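Enquirer: I'd like to ask some things about the structure below.
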């Protein structure tokens, strides 16, 4: 039952996740993005064919192997890239059915695992510009995107902006770091993306009650934690988590004050049972409720926990009064059920309502 629940959750997350869409009106676009965040690359062409060239491996891919990777051509010709990797930095060319180039994307997928996070409220400063060691004239700097919207309304919240590593030569147009380097193997602690966070407070302008509820999560017996993924969540959108209606802020995370959760761009690792909610663009997206141990069959609990027989016997002794109470309740329910059956003889009984795992409005 527990395995089935998590399979349903995983399927629902993959279906409901909203991808960040990118269009290129000029037929040739160069941009930096972050790894591990799904994207759509648009191509307005009938019978679109994609050709990919990865700089690090110097390999070319066409449509054929996409079904065996994290890259998929959609029916409308767009290209879906799930959890892109830094190694997939390169050129993405779209052609029409006659082989004519329609659009080319040059994308630098910068490693989100190395992102440098600072919070203005803590007096933290972004990375400083540095000189690249190749020729001494190349400048490494951060190209900042505009601030995203506040992640809460009507109450104090936070907003973030993303910054990407760029390299600039004198009198030349700056380029994303790994598009500039190509297959050159060079490492510098300065060559990393950034995220800056600051406090914000805005008024609410609209309200939407549509949301998705994921019932029941359980902390891992071995790790003592659980990962929760927010549908529609992306680093490119404002997002906030709440635990029992208390906001989980980046300020607490960056300062080390948050000990019961680890925030991610669209995920949260939780170490304590609570009711967790995630909000995307100030709208409730999902709610995660803790699953009680009493809701899990004894066979699954024993199998998952891997406890020694002595510990199991001790726990069984502690649970005896509870089990006896449950048996009494079950007996009383059975008696009442028999009485009801006698009163409604030959009438069909109502089926039990199944627990609702996923609610989508």
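Every residue gets a Cβ built from N, Cα and C, even glycine.
Automatic prediction, not curation, is the source of TrEMBL annotations.
So TrEMBL lists the following for this protein:
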- 25-110: domain 'Ig-like' (DOMAIN)
- 1-17: signal peptide (SIGNAL)
- 325-346: transmembrane segment (TRANSMEM)
Enquirer: Using DSSP, what's the helix, strand and coil tally for the domain 'Ig-like' (25-110)?
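Expert: Going through the domain 'Ig-like' (25-110) residue by residue, I get 8 helix, 41 strand, 37 coil.
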Enquirer: Across the domain 'Ig-like' (25-110), what does the pLDDT come to on average, as a whole number?
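Expert: Across the domain 'Ig-like' (25-110), the average pLDDT comes out at 88.
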